[in-house]
Structures are given as structure tokens and as C-alpha cells.
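Taken verbatim from TrEMBL:
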- 110-127: compositional bias 'Gly residues' (COMPBIAS)
- 154-163: compositional bias 'Low complexity' (COMPBIAS)
- 174-189: compositional bias 'Polar residues' (COMPBIAS)
- 793-809: compositional bias 'Basic and acidic residues' (COMPBIAS)
- 873-884: compositional bias 'Pro residues' (COMPBIAS)
- 298-583: domain 'EML-like first beta-propeller' (DOMAIN)
- 600-785: domain 'EML-like second beta-propeller' (DOMAIN)
- 1-21: region 'Disordered' (REGION)
- 48-209: region 'Disordered' (REGION)
- 793-833: region 'Disordered' (REGION)
- 867-911: region 'Disordered' (REGION)
- 593-625: repeat 'WD' (REPEAT)
- 676-717: repeat 'WD' (REPEAT)
- 722-755: repeat 'WD' (REPEAT)
Amino acid sequence: MDGAGGPGEGPAQEALQSLSRRLQVQEKEMELVKAALAEALRLLRLQAPPTSLQDPGAPGPTRDSAAAPPGLPPTHSPSSVSRGTQTETEVETESSPGPPGLINGPAAPHGGGEEPGGTQSEGGGSSSSGTGSPGPPGLLRLVQPPQRTDTPRRNSSSSSSPSERPRQKLSRKAASSANLLLRSGSTESRGGKDALSSPGGPGSRRSNYNLEGISVKMFLRGRPITMYIPSGIRSLEELPSGPPPETLSLDWVYGYRGRDSRSNLFVLRSGEVVYFIACVVVLYRPGGGPGGPGGGGQRHYRGHTDCVRCLAVHPDGVRVASGQTAGVDKDGKPLQPVVHVWDSETLLKLQEIGLGAFERGVGALAFSVADLGAFLCVVDDSNEHMLSVWDCSRGTKLAEIKSTNDSVLAVGFNPRDSSCIVTSGKSHVHFWNWSGGAGVPGNGTLTRKQGVFGKYKKPKFIPCFVLLPDGDILTGDSEGNILTWGRSLSDSRTPGRGGAKETYGIVAQAHAHEGSIFALCLRRDGTVLSGGGRDRRLVQWGPGLVALQEAEIPEHFGAVRAIAEGLGSELLVGTTKNALLRGDLDQGFSPVIQGHTDELWGLCTHPFQNRFLTCGHDRQLCLWDGEGHALAWSIDLKETGLCADFHPSGAVVAVGLNTGRWLVLDTETREIVSDITDGNEQLSVVRYSPDGLYLAIGSHDNMIYIYSVSSDGAKSSRFGRCVGHSSFITHLDWSKDGNFIMSNSGDYEILYWDVAGGCKLLRNRYESRDREWATYTCVLGFHVYVPVRPRQGAEPRVRWSRQPRDQRPVHARRLAPRLAGRQGRQHLPVASAGPWGRGAGACNALSNPLPVPRLLSRRLTAVLRDPHRPCSVAPPHPNSPLPGPTLSSTSRHSQKRISLEGANGTPAHTV
């Protein structure tokens, strides 16, 4: 047994001894690292240039140390840095002829400094900066070879005593550890403060990465972004730090919110039609004023900070009440629901009612009629659907009560008695009796009486009602029936607790439509109009609910959502597909306002015509006429469209879909001439080169696909792929010569590609700082950078571009129209540049200005969409003859905004 166990114990013992030796070595190394860290921290506290420990035999300072360039910290004597087993001495000097052994390059710009070698990916790590790695020119480095007599090799004998050898070894390891610590502390991946605004020694490598005149650094969500300064800019102090002088005014809004709202279409005393979409209340003039179908124009109330959900018009036909939903602002702070009462003639807010009193949002509004609009009834969107009555002149609450846990869809005052209020919604019609409490705030009382259906079937929803002059009430329900409600006499046989009580019951019933009835409208002649959902019919009813006349809405416009009576016999109809129709029962209806019905993602402008194209989640591809504010044509893509771009010739347009497919369509025949799939991820951006020879397609698979394109744009063939991004592609721009691409990704990378040279990644981003670009849609780069100087040590922010005036982006904080809300993503506001400054509701901040040259002349086109996904807006090409507006983008909790600004800042006529 002993003989058998002997051979096995030998290897085990040796392994144990080896592990013990390794553990001792690691412990010693840990002590050395701790010592190096302590030394580095001590040097940082003293704000002195960190110097590494020198070997006893290392050469001392020499007179060859070069002076620092102008504007840079003074250089110090070279220090020996231990690397591995030997020590080197490096001296950084200015560019000047020198003896052999100097590594020289082209002259550096005035005030420039050393840029780190290697390529750093934005928001990520950096590649090693070894010999031959790319870097900016103008760097001189004197390399002195180590002297064998002073720096012995590890295994060679030395004249030093055995007691000094551990000390020398400790010094070399401490110097190596300190150097490694300083290098790692200066890289962008550490996410530290900018060297220009944070303390650091002149010899620190951190300052070399952000030397003024070479590059600047900013942070997005903690990720460092380095941007190289063009050579024509000698100092950041020369750059303007304030906002540009141009301003914007909203000119046109495409779309109408009919898909998920009701009772949102009214006609004012002036003849203007008022409706809302997003956080904008639109006042549309069907007649008078140049431009637009039927010679119409638009004005806009922009006092709301979030999505508008309901409207009510005062009996005087001038004042308007609009209620908004709850939300969050650009900083994540909650926005409370509120009701604005404003003047439709001056667009000035007269009263702000209920700030902090409502929950979730304002669901329904109504002015009293019998007392000339002295009171306002409001129903909020809380679980209890609180019903409250307010004094319009004082803005005080007179009474409040919990109405019901079911949805409340409509509210109104009895036109003959302001103490009677009616609400309807899910399976109920409630009649409320209100006593004002002598006008004392909060002393009023509300009592409810529920409508009795009796022998009639109770419908699931009652979305609308109308109050007749004789006191009767007509309701439209989800069964397609119109019910007439009347007040019954008190029944003495069932007195109840408070004596005999009167009730409200159904007097008559008429089956009017197939499917739900969404709208009822009382006309001036006493007849009633009803609009059906499923059958899309518009029916006029006489006394006794006798059908007099009807008309059918075309299917592609959707079902009837709201009805308003215009001048004469003219009617305006809002539909569930976000269209506003104008006409009458005899001649039929034609659209005056149209829009998308779901999230809008893709937008591109024609290279030389005043037209633009949009696509989105409703699977519709729409071409819009910017002059007539009308839809030129629309086709069904069968899939979600996310991005688009016109060929420079304007003959074809490329559209990227959410499945990895992209289509090329003929803009005249609307036929698909090419259908290609790249991967199975959604496409976020498509962009033709300025000369039309290439097509770049950015995908969520982190690649950019490059295709060669024929002269007419109809045929494409794969040219190559740009591989190198670590996240999905968000934006890309072509250079003016069509050979290079600048791209941004979801993790805030800025990469440059040589397409003509084989889709190669340009490792040295410094060389692209003076390259001219055909468009500027990328949201990251020096062209959208401005330092913030007011606060000491403040981080720079993206604000304004240093491009020519016709390519500058709109300043976010001053020029953005306030367009927000979930449904607001389904329309296209268009604004013109003007000199009016902030104005009502024009102070929302835009976080990502995108300068885009030569879009619609002096116009602003906005697309509202999800903030968590990349913007996919394509500008036109540089051969466009139109002046250069600019494009801006912002995200705001449930919307994304794209905007254009005119080049000269002057008011623009209606498109």
C-alpha cells in the first residue's frame, strides 16, 4: 500500500507547492498595486502631474524637452515608464525637423495637441493605441532607447546589491501600475468628466483626449461622445452659444383625431371649424384665404402641454373650452390635467380651470346654455369619473360628486334649465339635479336619477345624445337605435324616501343604423342628423323620427365620428380614419383634411417639388401636396413602413419596412419596381447618395447595406455591407461627393465609412472632421454641438450647428410647436418661419435638432411618434433648387417631433 501510494503523492505535493508559490506572488503583486494606487491618488490630490518612479540608473531630465504648443499645458521633463521588462523614455514635442529617431507627421493645427492613437467607438471602449495606430497629425515623439548599463534585463546580472534588487523591482511594478491606472482613467469608457472642465495634471493622458482645438466631449445618458473640431475653427470661444435668431410659426396640421375621440367637431360664430389633434386645437377656415381645398386656412391654439381630449364651445360662439390629459414633460415631471378657456379670435387663454383637481385627464366638457354659459361641467377620467361644476368667470369649483365607475362618454346641460345635467356612457344615462349653494365654492350639491330602460333592451354603450328645445333627449346607442327620453310624472304609489319622485324613461325608439351610432347633431331647422358606424350612413330625421334624407360616406374615409352644421346647408363630418369631409346630403362629401390613422414613422421630401411622402404603422404610403395641403395618392403597403427616401431624379422612392424588406416604387404609376429583403430585422433609415449611384439602408441588425443603383433608380444590385456598429442604425448621411457615409447608432456611436473604397470603416475619425456632407440628419457630431458657458463645469449640450445659415438646425427651446400626445403621432403639422418669438405654447424643448438642407421651402413638417425608437426622416438631396429649411427632432414621453425651419426666418404664406 505504501509503495502504491508513494508515486501518487509526489505530483500532488508538487502541485500544492506550486499553488502556494503562486499565491505568495499574487499577494506581493496586490501589495504593489495598492502602493501604486496610493501613490497615484496622492499625486491627484496635489494636482501635480503624475510621474512614475524611476530606476536608480534611469537618465535624468534633459534640455531636449519641448515647449508646449500655444494654449496647451506646459510640458514637463520626460519620465521613464516601465513596460513589461524594460523601461522607455518618451518626450512629446512640437512638429519640427529632428534627427533620426523622431516620429513625425503633418503639421498640427494651431492650438492643437495630441490625439490618442487608435479608434474609439462612441459610448463604448477604445482600441489599443500601439505603434501604427491612426491618430491626428502634428505629433512628435522622441524615443530614447534604454541603456543597458542603466536598465539591466530581468535575468542579467547587476552591480546593485541583493538588498536593492527587490526595491528596484517594486519601483518598476509601481510605475507600471500607476501608468496603467492613468491610461485607463483617461479613456472614454470610464465616463469621467471633460478634461476641459475637470481638474487634472498637465501630464495626465485624460487631457490629451480633449485638447482644445482637436476634439470636444459631451455625455448622453452617461455615455461619452467625442467630436473632432473642424480645422477652420481655431477656438470654441469663436462659436455662438445662444439660440439662432430664426423663429417658427405653425402653418398647417394634416389630420383630425377621429379614431378614438368623439364630440370634437364644432363651428364657431366666425364660420371657422374647430377640432383638435395632439396638443393643438385647430381652427380651420373652409372659405376665404388663399391655398387649401376650398380656399381654406388654419389657425392654431397651442396653449396645451399635452394631448387634448375634449372640446366645448361657449354659447357666444367665441370662447372655447378644451381639456387635456395627464402626462409628463421633457424632464419626466408629471403634467396635471387642466381645462383651458380661451378666446378663439385672439387665441389668448382667459381662464385655467381645475389644475390639480382632475385625475388622469379630462374626458368630457359642456357649457351651460340657459344662463349664457356661466357654468362649465367637467367629467374627468378617474376611476369614479368625478363630475364637477365650475364658475367660468372665477374658475372656482361649485359642486363635485362621484358619477359612476363605468365610462362616461358625453355630458351636457339642459338648454332650458341649467340645474339639469345629463351624462351617458357605458350602459347608462344619468340625469343630475344641481343646486348652486348660493354661489359659494364647494357648497353646491348634485343628485342623480338614473334613466329607466324598462321593456327596452339596455345597450352596451350610449356614446352620444342631443337635447331638444322641448326638453326631450335623443340618445344614440351601440345597437343602432335612437331612443327618445322624457320626464314621467311622479308616482304617488311609490313615494320612496323623499316622497313621490319623477323619473326619466324611454318614450320612443327607432332603429336607425346597422351598428353603433357615434354622432347626433341638432340642425337649425329642428331636424336631427345621425351618423352610423358600421353602415357609414348619414341620416336626417324629422319630427317623430321620420327619415327624410340620407347619404353614405365612402368606405376609405371610415365611419362617421362627429357632425357639425356649417354655413347654409353645408355639413362637416369627421370620420374614424382621421379625415374631415365637407359637403351636403345632396352633392355628397369630399375631403378637406386627411391624415394617418396610426403611428407615423417615415417622412421624406421630393427633391425639387413641394411634395412629401409619409408612411407608418397604418401600412399606408401617402404622397402629400404641400401647396394644396391635400393627399395626392395613397397605397396600402400590407406591412408597416418605417422609412423612405426619394431618388435624386424624383422618379422612384425607396421605402423600408419592419420585416427587413424594402421596396422601390414608381412615383407616377405607383407600381413596385423592386422588392428586396436584407435580414429579418426592421429597417430604420434608407438614403440615396447625392448622385443617385448608391442606396444605403440602415437596419436593426447593426448593418448598413449598400446597393448600386441604375440611373433611373429602378434597378439595384448589392455593392457591399458596412459592418462595425454595436447597435441598431438610427441615422446616416452621405458626403457631397457620394463616397463616404457618417452614421449614428442606438448606443450613440459616430462612425465613418468609405463606401467607394469597399465599405470600409474609417478607423481614424479625425480625418473626417473637414469632410463636407450633403445632409445633416445625424443627431451626433460637431455640427450640432455648442458648449454651455454660463455655469462653471457644465456639460456641453447639442444646440446649434456651425453650418451655413441655410443648413442650421432650429433651436429646440425656442422654435418648437407644442405638439404632444399619443394620438398626436398620427398627423403631420406644417409650420412656416416667422418673427413672432415664443408665443403661446411655443416653449417646449427639442432635444435633438437635425440640420437638413433644402426641404420644403420655408416650411416645417412634423411627425409625432414613439421616443424610444430611432428617427427615420430622410431629407432631400443637395441638387434641390429650393431654399434650405432645417429639420428638428424631439422626444417627449409619447411623441417624436420632426420640424423644418425656413432659411430666412420670415413669415411664409400658406402652402
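Glycine residues also receive a Cβ, built from the backbone N, Cα and C atoms like all the rest.
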Across the domain 'EML-like first beta-propeller' (298-583), what does the pLDDT come to on average, as a whole number? 91
Within the repeat 'WD' (593-625), residues counted as helix, strand or coil by DSSP: 0 helix, 19 strand, 14 coil
Within the repeat 'WD' (676-717), how many residues are helix, strand or coil going by DSSP? 0 helix, 23 strand, 19 coil
Report the DSSP secondary-structure composition of the repeat 'WD' (722-755) as helix, strand and coil residue counts. 0 helix, 20 strand, 14 coil
